[in-house]
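Below is one structure; the comments refer to it alone.
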Amino acid sequence: MGTGEYESAHRVEMPPPQPFINSLKNSLMETFFPDDPFRQFKNQPASRRFILGLHYFLPILEWAPRYSFSFFKADLLAGITIASLAIPQGISYAKLANLPPILGLYSSFVPPIVYAFMGSSKDLAVGTVAVGSMLTATMIGKEVKATENPGLYLHLAFTATFFAGLLMASLGLLRLGFIVDFLSHATIVGFMGGAATVVILQQLKGVLGLNHFTHSTDVISVFRSVFSQTHQWRWESALLGFCFLFYLILTRYISKKKAKLFWITAMAPLTSVILGSLLVYFTHAERHGVQVIGELKKGLNPPSVSDLAFGSPYLTTAIKTGIITGVIALAEGIAVGRSFAMFKNYHIDGNKEMIAFGTMNIVGSFTSCYLTTGPFSRSAVNFNAGCKTAVSNIVMAVAVMITLLFLTPLFYYTPIVVLSAIIIAAMLGLIDYQAAIHLWRVDKYDFVVCLSAYIGVVFGSVETGLMIAVAVSLLRVLLFVVRPKTSVLGNIPDSKIYRSVDQYPSACSVPGILILDVAAPIYFANAEYLRERIVRWIDEEEEKLKASGAISLQYVILHMSGVGNIDTSGISMMDEVKKIIDRRGLKLVLVNPGADVMKKLVKSKIIEKIGNEWIYLTVGEAVSACNYMLHSCKRNNSSDDPETWSSSSTNV
């Protein structure tokens, strides 16, 4: 390699100086405002900014002027379709939450209207969900039994809904939505599958017509409760339940085979309720062990502001329930909304959704509603029915309103076993075994996270499963930080490209040069590990070269493109590595430190100790410089002292 080529190597530039306040501001902006929501307000008059602000919090004001009659026809059909699903599901999920069934209808009336004004998704259909209902039942039920003190239980459910809404809205307003991202896809798959399994097992009470049942959710307690009461099983109830479950599963199978027949699945729960009610009415099955809902109160949602139990000794339980159910509801609702937005190629703002979810739950807690979000089953029906905007939620709410005003007496003879069958059929769709198989094939660790969540929920409790899954996920994050990926780079033959020798077996090591790639920020948590790992790489390389009789190791190149940042512990580690390498008679070379890293290395005088002439922009340039020095030293029979090479390279 010629001298001219060596001298033309590019140098790593120091970033321009920036005040600490500006650096802090930029970091905060990237953390909380990665989508730059204020961009649309720039260079706008005050009146226009006010209108844009209204559009942000009330997206309906943005698209309503463009709303057309053709859109309304599509939304009307979709709204009526999801109402036929929402009414029986609402009653079923309220029973699952150990709340009066009418609350399921209340929760399908007010929250959807609020979401229609504030939500950014065109496809999300709002309502109660099975997992949230079960969490409400288990967490509040541990302290207050719904059968023993129904009034206090109801007030705690409203209070938990209020705090869930407060959490959601706060996360959205403070731009803290990234907290929900700690629930990874694998965690949600395992948690939802476990929760669905628990919900299905809980429905054995309704299917078998049992009056007494365990309040525990783990599979062992449930089976013990079921098989210790075999003398109380009602075959009439079980037969009715299995018949309707078969019907619901069959309609789902038909809809999967032919997507245009989606309405069969959507109408199946309501037709099950109608058929079940008629069957009980004409056969008087309620006298033979088939339990029925009984009377549902007519009328719209009564106010419940005064029912919020802020002064209750169980307030802590309500807050805890609200936080956990709120996070789960957010994760499910935003994931569902983003999934359908992807199909229609539009974007939804996660923080806007949090504000909308939070507001609808706060308003809901004031109007006799409990936790609501965007359930997958209802949203899928809304999507397949061809909805165009959130007006389909308003249509659904109007249909529920009509039901509340005029049709509630018709549900008197609805058998509870039919509601259990509806819940079981819905929950079977949440056990996503195909996703679990995919996780096993792609990432075994994610599969372990998924399985941990599932086992924790099924054999422990919902809270246990959630905590285990989050803990395992955080452990993985910590492992990535504490034990970052490091690798030896080699040269791809006939090129100037350097890649990991583990990934590219054909990559060749460069005689006398060890090239190491550090692919993570260097912090206090991993600094000691990286020091030990670098020293071990050097030891192994020297032993290998000694055994082969090749040229001895002369240079250690650290490729730092992947080092996004470095703290004072990392700087101390770099200083120590420099001293270790010097004591061994080697030379340390750095490649492409980032702007923040370069700035800190200069201020700590690490660059001064290494020498500016040993900082290069690319691995290729660093290797060329090292080779040039090796060849120059060999020709001139110069000393093996690295300081001699340093001064020689300075004079080139």
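Positions of Cβ are set from backbone N, Cα and C atoms, glycine also.
Because TrEMBL annotations are produced automatically, they should be read as predictions rather than curated entries.
The transmembrane segment annotation in TrEMBL covers 67-87, 99-118, 124-141, 153-176, 182-201, 233-250, 262-282, 323-343, 355-377, 389-407, 412-431, 451-475. Annotation comment: TrEMBL describes 503-626 as domain 'STAS'.
As a quick check, the transmembrane segment (323-343) and the transmembrane segment (124-141) clear the bar of 3 or more Cβ pairs under 8 A, pairs 6 or more apart, so the two touch. Residues in the domain 'STAS' (503-626) partition by DSSP class (helix H, G, I; strand E, B; coil) as 63 helix, 22 strand, 39 coil.
Taking the domain 'STAS' (503-626) as a whole, pLDDT averages 90 in the prediction. Residues 32-33, 97-100, 136, 139-141, 143-146, 304, 307-310, 312, 314-315, 317-319, 321-323, 325-327, 329-330, 350-366, 368-371 of the same chain sit 6 or more residues outside the transmembrane segment (153-176) yet have a Cβ under 8 Å from a Cβ within it. At the 8 Å Cβ cutoff, the transmembrane segment (355-377) and the transmembrane segment (182-201) share fewer than 3 close pairs (sequence separation 6 or more) and do not count as touching. Same-chain residues lying 6+ beyond the ends of the transmembrane segment (99-118) with a Cβ under 8 Å from its Cβ atoms: 57-60, 83, 86-87, 89-93, 124-128, 133, 136, 146, 153-154, 157, 293, 296-297, 300-301, 352, 355-357, 359-361, 363-364, 367-372, 390-391, 393-394, 396-397, 400-401, 403-404, 408, 411.
Listed by sequence, the residues of this chain that lie at least six past the ends of the transmembrane segment (233-250) yet keep a Cβ under 8 A from its Cβ atoms are 206-210, 268-269, 272, 275-276, 279, 285, 288-291, 415, 417-418, 420-422, 424-425, 428. If you look at the transmembrane segment (124-141), the same-chain residues 6 or more away from its ends with a CB under 8 A from one of its CBs are 82, 86, 89-90, 93-94, 96-99, 104, 107-108, 111-112, 115, 153, 156-157, 160, 192, 195-196, 198-199, 202, 215, 217, 314, 317-318, 320-321, 324-325, 328-329, 332-333, 336-337, 340, 360, 370-375, 378-379, 381-382, 390, 392-393, 396, 423, 426-427, 430, 461-463.
The stretches the transmembrane segment (412-431) and the transmembrane segment (182-201) meet in space: the count of Cβ pairs below 8 angstroms, excluding pairs fewer than 6 apart in sequence, reaches at least three. When Cβ distances are compared across the two stretches, the transmembrane segment (389-407) makes contact with the transmembrane segment (67-87), since 3 or more pairs at least 6 residues apart fall below 8 angstroms.
The stretch in 67-87, 182-201, 451-475 that contributes the largest number of Cβ pairs under 8 Å to the transmembrane segment (262-282) is 67-87.
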